[in-house]
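Participant: After the structure tokens below, expect a handful of questions from me.
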């Protein structure tokens, strides 16, 4: 009698990819809590929104190229390029010590996240069976999530114990290790092309894949909140008397990891849209709690709910995007989703910085506005769900 059990998704390749993503995520996230204060000391306090905004701008602008290259020259070269950019930038931060060069470097640094996650997501989708895609995205996202918690917490410790320059060099070390792991990774793209100028000729279709409009729109609306969190919670932490400004991100990621272990698997069984609806509801709750937070415990409760919301939405929206893609346009589809993600984060960062205006009393408004964007995502997703149910009855 033949076994009907699914093959394991947890191969050596899968775990090596997860380790590389953990190191890469740690590399750029460890800088986030310290950069607002660093920029303020340079005299650029009014540009805090640009720390995240410029980073995500170039990440978004590079997605059409990374998506096209992922589908043409392979997943591994695209991942490696992203890590190399991250490695180089860590050595440049100690040199660029005035406002405008610093902001220019943030633009360049954004290319790293424009490439590495696009190639990685396509690689994961290539090596796992379709019926376990949500679970795989969830577990791999957990590796990224651990990095996004470990990075800020450790980054603040390194900065306090040693110096900011030591933090920047540690960021480069982590990026280098993420590259080293990729060196022996087997390429999964079957029909590869040689790198040529033609590979960089972007068309309108490379910028946006219409087939994945719905998950891309929901991603865009939901990630406004992430941009706000990354921009204002370091200052929020300071107002509440927290010495380590990475603690919010640590709580956020712990709960994100816990929920990721189940969210993707549940979406494999019950569908992407119902689980997305749940994620939007939790995100609204997170923004409201954080907006009302006037104590450290309440602040951390908001972080926990925010972590749960991202732990639900991140793997499920990724799996929903891949579900709607084909093998020959998977890189472009994933790039479209990431363009939406970065547009949401970037606009959320700029908008939250404008609303905050370095005034503590404006913090509730910042998070209530972000809750409004999450509400719009919820309404849209519910409408899709109802439409699909009605169509199913007709059929």
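Counting starts with 1 at the first residue shown.
Glycine too: its Cβ is placed from the backbone N, Cα and C atoms.
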Participant: State the residue range annotated as transmembrane segment by TrEMBL; the candidates are 146-165, 166-185.
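Facilitator: The range carrying the transmembrane segment annotation in TrEMBL is 166-185.
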Participant: Look over the recorded stretches 275-293, 299-322, 334-353 and say which has the most C-beta pairs under 8 A to the transmembrane segment (206-226).
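Facilitator: Top-ranked stretch among 275-293, 299-322, 334-353: 334-353.
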Participant: Is the transmembrane segment (246-263) packed against any residues at least 6 beyond its ends, judged by a Cβ distance under 8 Å, and which are they?
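Facilitator: Distal contacts: 29, 32-33, 134, 138-139, 141-142, 145-146, 148-157, 229, 233, 236-237, 275, 279, 299-300, 303-308, 310-312, 314-316.
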Participant: If we call contact 3 or more Cβ pairs under 8 Å (sequence gap 6 or more), are the transmembrane segment (166-185) and the transmembrane segment (12-32) touching?
Facilitator: yes
